[in-house]
Amino acid sequence: MSKRQLCILGSTGSIGCSTLDVVRLHPERFQVISLAAYTSVDVIFEQCIEFKPQQVVLVSSEHAALLTQKLNDANVSNITVLSGEQALIDIAECQNSDTVMASIVGASGLLPTLAAVNAGKRVLLANKEALVTSGAIFMAAVKASGAELLPIDSEHNAIFQCLPSQQQAEIGECQLLANGISKILLTGSGGPFRTRAIDTLESVTPSQACAHPNWDMGRKISVDSATMMNKGLEFIEAKWLFNVEAEDIQVVLHPQSTIHSMVQYKDGSVIAQMGNPDMRTPIAHALSFPERIESGVAPLDFFNTPSFEFQPVDFERYPNLELAIEACKQGQAACTALNAANEIAVAAFLDEKIKFTDIYKINETSVKKFVSQKVDNINEVIALDEQARSFAQTLLADFLQTEALSQKGNK
């Protein structure tokens with residue numbers, strides 16, 4: 001059996017570490033060729049010692065120098081340490097790997113992920129923002145290069161598993177409605193504030209927002225789950241992965257996070273994929289597809305599983321989700337602007353600069369500003385992303401000034 005040669009973009013994050021957990025179980029199947037992260041020197045150093053990659057990228061040159069020193073001190077001399085955004089792109093497209101785990105968080109993962117696609121590799125897509133930000137442009141690159149795109153998000157991986165094999169082979173060009181499928185049912189837990197009084201949401205703290213009831217995730221995606229913007233981004237991603245319209249996707253609240261998503265067929269059947277909420281399951285599925293391998297995740301224990309609950313979405317509680325669904329209908333500019341603004345707003349909330357409910361205000365205003373802008377190629381995507389971030393930063397400055405004046409007036 002020939003080993004898959006892996007490049008893991010975002011190796012020190014939640015998805016990256018879970019990927020290496022699966023790889024650790026199957027040394028006969030996988031070889032780690034390259035790792036990439038932003039600044040997590042200590043974590044990636046330990047990964048280097050264990051998995052012995054040929055190349056490592058830390059975007060920060062300062063942190064790359066620290067890693068080089070740590071490797072030298074450990075008498076490790078056969079690992080090349082690189083730095084910079086271009087180095088991320090270089091290792092993503094380098095022909096010494098055939099499979100790329102694209103798990104860099106946010107729009108910064110777009111160009112490295114696109115580079116892996118253009119190189120015609122098997123791309124395991126955990127970076128939903130890359131597809132949300134570039135949509136049809138990204139999928140056109142997949143088609144042109146012959147890359148094999150496999151979804152890692154638990155919901156999209158679940159949908160993929162529920163599809164007929166011929167539709168799995170047509171990712172991005174699926175013809176679901178013509179092949180007996182009537183709807184995609186995209187499930188979401190509702191996050192930690194599903195039952196909290198709406199009028200108290202403005203007082204939510206970052207630590208509360210990051211305390212997801214079911215999943216262990218990074219801080220940014222945890223906040224997105226609390227606002228359900230994460231589900232909104234997944235809604236947009238589902239449109240492109242499965243070639244459907246917004247009207248063909250329905251979001252269903254499922255607090256237990258046991259059913260990861262469902263596909264509804266025209267004959268009344270609904271096929272669901274379920275399991276314990278652990279990202280190693282979809283990662284193992286995509287790494288070994290079309291085979292099945294051990295993931296390290298215990299199978300679902302039906303006798304100790306709570307009864308399944310399903311609820312409609314309350315958009316008053318989750319306005320960010322409604323905004324994302326509308327952006328999906330409005331077009332690429334709205335989606336690109338929404339993602340950019342949300343990254344700025346969430347970072348500001350995590351830094352305790354704005355309130356939880358201000359995230360929506362920044363997002364909504366940004367989408368309205370850029371919804372009509374032309375986006376026909378990757379350069380225009382990048383330009384709009386930069387413009388939307390700058391605009392969101394301006395809005396943020398206005399929020400901070402208003403808050404400062406308010407506090408001054410109360411003294």
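Using N, Cα and C of the backbone, Cβ positions are placed for all residues, glycine too.
Using a 10 Å radius centred on the Cβ of ILE15 (NADPH binding site) and all shown protein chains, the other Cβ atoms total 28. ILE15 (NADPH binding site) falls within a helical segment according to DSSP. Residues annotated as NADPH binding site in Swiss-Prot: THR12, GLY13, SER14, ILE15, ASN127, GLU129, GLY218.
What Swiss-Prot lists as 1-deoxy-D-xylulose 5-phosphate binding site is LYS128, SER154, GLU155, SER189, HIS212, SER225, ASN230, LYS231, GLU234, and the listing cites sequence analysis. Counting Cβ atoms from all protein chains shown, LYS128 (1-deoxy-D-xylulose 5-phosphate binding site) has 27 others lying within 10 Å of its own Cβ.
Under the three-state DSSP scheme, ASP153 (Mn(2+) binding site) falls in the coil class. Long-range Cβ neighbours of ASP153 (Mn(2+) binding site) (same chain, at least 6 residues apart, Cβ-Cβ under 8 Å): LEU125, ALA126, LYS128, GLU234, GLU237, PRO282. The Mn(2+) binding site annotation in Swiss-Prot covers ASP153, GLU155, GLU234.
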Env. residues of Mn(2+) site, Cβ within 8 Å of mean position of ASP153, GLU155, GLU234 Cβ
LYS128, PRO151, SER154, HIS156, ASN157, LEU186, ASN230, LYS231, GLU237, ALA238, SER261
Neighbourhood of GLY13 (NADPH binding site) by C-beta distance under 8 A, where only residues 6 or more apart in the same chain count
ALA37, SER103, ILE104, VAL105, GLY218
Other CB atoms, at most 10 A from the CB of GLY218 (NADPH binding site)
15
What kind of secondary structure is ASN127 (NADPH binding site) part of, going by DSSP in three states?
coil
How far is it from ASN230 (1-deoxy-D-xylulose 5-phosphate binding site) to GLU129 (NADPH binding site), counting Cα to Cα, in Å?
10
In whole Å, note down how far the CA of HIS212 (1-deoxy-D-xylulose 5-phosphate binding site) lies from the CA of ILE15 (NADPH binding site).
16
